[in-house]
Amino acid sequence: MPHNEMSVSMNSSESAMGEGRRAMASAGAQELGRHLSMALYAQPPPQGFRITALRGFSQRFRPKLGLSTQGMASREIKSHEDFSETPARLGGSPESFRRKKLGIHFIESDDRRTAIGGGYVGGTTPVNIRGKPITDLSKTGGWMAAFFIFGNEMAERMAYFGLSVNMVAFMFYIMHRPFSSSANAVNNFLGISQASSVLGGFLADAYLGRYWTIAIFTTIYLVGLTGITLAATMNIFVPNQDQCDQFSLLIGTCEPAKPWQMFYLYSVLYVTGFGAAGIRPCVSSFGADQFDERSIDYKSHLDRFFNFFYLSVTIGAIVAFTMVVYIQMQYGWGSAFGSLAIAMGISNMVFFIGTPLYRHRLPGGSPLTRVAQVLVAAFRKRNASFSSSELVGLYEVPGKHSAIKGSGKIAHTDDFRCLDKAALQLKEDSADPSPWRLCTVTQVEEVKILWKLLPIPSCTIMLSVILTEFLTLSVQQAYTLNTHMGHLKLPVTCMPVFPGLSIFLILSLYYSIFVPLSRRITGHPHGASQLQRVGIGLAVSILSVAWAGIFERYRRNYAIKQGYEANFLAAMPNLSAYWLLIQYCLIGIAEVFCIVGLLEFLYQEAPDAMRSIGSAYAAVAGGLGCFAASILNSIIKSITGNPNKGRPSWLSQNINTGRFDYLYWVLTVLSVVNFCAFLFSAQRYKYRTEQGMEMGEQIGTNKTSTPVEGN
């Protein structure tokens with residue numbers, strides 16, 4: 001019977017029930033338990049069903065069906081007092097009875113105040129820039145708003161990759177720093193620009209919102225780029241270049257940069273990296289916010305959005321590796337870095353022009369405070385028992401909205417049961433308890449989700465290590481190789497453009513080739529799940545770094561045989577640099593599958609009010625990979641090199657006497673171990689949608705299996 005018809009039939013006379021009273025008793029009890037649990041877990045009931053109908057049904061017919069009305073006024077789902085089943089009736093042992101699912105204790109209280117501050121626009125309702133609900137969504141958001149956001153990310157990545165490649169050469173040729181220290185300085189810049197994303201994500205989710213976080217940090221980014229441009233333009237910021245030819249660079253007799261000059265360069269470089277803190281975690285999430293979660297095409301739009309988003313990242317990288325390098329060769333370092341600042345300034349203008357079109361999410365208050373409240377409350381009740389007679393239920397606010405601004409309710413799960421004690425309501429708790437003593441179920445589940453997400457992005461740190469090593473070490477390799485393509489000679493710093501081109505090609509063919517083929521194998525509507533795509537990327541990265549080790553061994557042996565052992569800046573005419581394209585293209589494929597899948601995974605799985613922090617997980621993993629690459633390089637240099645015995649390290653400035661191939665093989669072994677760890681983590685992970693369905697089925701089973709005693 002449709003539920004709208006049921007509400008009408010319940011208002012008819014009692015005689016209309018007739019012989020169907022007993023049948024309706026069973027069906028009504030089942031429907032009551034199922035739909036009430038759906039309401040409490042913020043899952044929409046079937047069309048036509050209304051909570052008011054449930055209440056009317058409860059008040060009028062519950063006594064006639066032999067059901068108690070006790071506890072309905074406080075909207076309970078079987079508080080501990082009312083749960084009278086014995087272990088025998090549940091069909092299990094006393095131990096299984098004590099460890100029964102905590103979902104049966106889920107209780108809502110009308111007295112609960114919001115955990116963080118005052119009133120809010122409930123759920124994930126989009127608002128305008130003034131924080132007011134958007135009444136007509138058709139005039140905002142969608143692809144038009146997303147394209148304004150793409151421009152900002154494109155310019156940021158253009159600057160990011162432009163600096164990552166050109167800054168190594170700038171420090172070596174202009175600031176007269178060794179390749180190794182230049183590479184470490186750039187690695188630190190890359191690490192700061194990504195690891196500091198935690199701060200940007202925190203500010204966006206807690207106080208500023210994603211729009212204002214992007215606006216503030218893009219301005220900081222622009223200030224840093226302007227400072228770098230001044231360093232490359234004004235002679236006062238660089239050492240004397242007189243009598244510093246290539247031979248002087250080789251033997252290290254050029255005048256070194258003064259300490260204050262390096263301090264200035266490092267300062268503006270790291271300010272630029274810090275500016276990325278508010279861009280990385282927010283741009284992808286802010287772009288995804290422009291799509292309506294209630295649309296039937298939402299998942300399809302989200303899947304395409306993250307592919308287009310990474311396409312914009314790739315276009316920025318391609319421009320950095322081609323046009324910026326060309327400007328540097330033709331017009332100098334100042335013009336090259338100045339072009340990055342101009343591009344960032346233009347993208348900022350475009351971003352602000354699109355302001356009237358954007359949909360915003362309200363910041364939900366400090367996520368760190370909410371996490372701390374859960375930990376403190378769980379610790380305070382660490383000795384409380386789930387089977388105690390003092391137990392009232394698990395605490396949650398009434399209605400479909402949570403107490404956290406910008407967040408819907410999250411269904412209770414059985415993971416990390418120790419944290420559930422933070423939401424354990426006891427009889428001793430007051431009617432208006434402190435959130436430092438009693439937290440809502442949603443608040444507890446937020447902490448669980450953040451913890452459960454950690455292993456997946458952690459497994460992508462290894463990919464970032466490989467990408468970082470390729471960006472710096474492969475440039476040194478390319479200097480020893482022939483970069484001619486017919487009569488065209490490509491600059492060495494243009495070589496990293498090929499991963500970008502492979503990414504561009506893959507993303508262009510993704511929906512026309514990969515998705516149809518993989519859909520036949522996996523049966524997944526999008527070809528592969530998010531975690532499957534991450535796994536594919538990690539597997540391909542192993543092939544990439546393994547090939548890099550094979551080719552580097554061949555290149556080094558060839559250089560020694562041909563007499564180039566001492567001259568590591570001279571190109572060998574008979575060995576083409578385009579052998580590097582194999583490792584470049586493979587790492588490009590790995591990046592597409594891994595990073596795009598990871599961004600989509602984190603956005604969809606993160607709590608509503610913590611999506612910027614969820615996206616920051618990916619950036620932090622990238623930053624940790626950069627730092628890990630620097631640490632690994634330092635360890636290898638200290639262990640493998642011995643100047644007193646004349647033994648060069650694996651990462652010697654003279655690549656022909658070093659052993660880069662050994663480093664690549666170490667990375668290969670570490671990547672294999674990392675891939676095994678990912679497979680273990682991915683196999684154990686359950687998507688939130690799957691958990692919600694399982695919990696709904698379990699609660700429905702618990703409710704319907706309870707015998708209904710009639711008169």
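Note that the numbers count up from 1, one per residue, in the order the chain is shown.
Note that Cβ sites are derived from N, Cα and C of the backbone, with glycine treated the same way.
Annotated range for region 'Disordered' in TrEMBL, selecting from 1-23, 116-138: 1-23.
Tallying C-beta pairs under 8 angstroms between the transmembrane segment (495-513) and each of 215-238, 304-327, 333-353, 615-636 places 304-327 first. Contacts between the transmembrane segment (263-283) and the transmembrane segment (158-176): present, as 3 or more C-beta pairs lie under 8 angstroms, all at sequence separation of six or more.
Between the transmembrane segment (304-327) and the transmembrane segment (453-475), fewer than three CB pairs separated by 6 or more residues in sequence fall under 8 Å, so the two stretches do not touch. A Cβ distance under 8 Å defines the sequence-distant neighbours of the transmembrane segment (215-238), meaning residues of its chain 6+ beyond its ends; these are 152, 156, 159, 163, 170, 174-175, 200, 208, 257, 261, 264-265, 267-279, 332-334, 336-338, 340-341, 344-345, 347-348, 351-352. Within its own chain, the transmembrane segment (188-208) is flanked in space by residues 160, 163-164, 167, 216-217, 269-270, 272-282, 285, 363-369, 464, 468, 471, 609-616, 619-627, 630, which lie at least six positions past its ends and keep a Cβ under 8 Å from the stretch. Within the same chain, residues 164-165, 168-169, 183, 186-187, 190, 194, 492-493, 495-496, 499, 531, 534, 537-538, 541, 544-545, 548, 580, 583-584, 587, 590-591, 594-595, 598, 601-602, 605-606, 614, 617-618, 620-626, 628-629, 632, 660, 663-664, 667, 670-671, 674-675, 677-678, 681-682, 685 sit at least 6 positions outside the transmembrane segment (453-475) and bring their C-beta atoms closer than 8 Å to a C-beta of that stretch.
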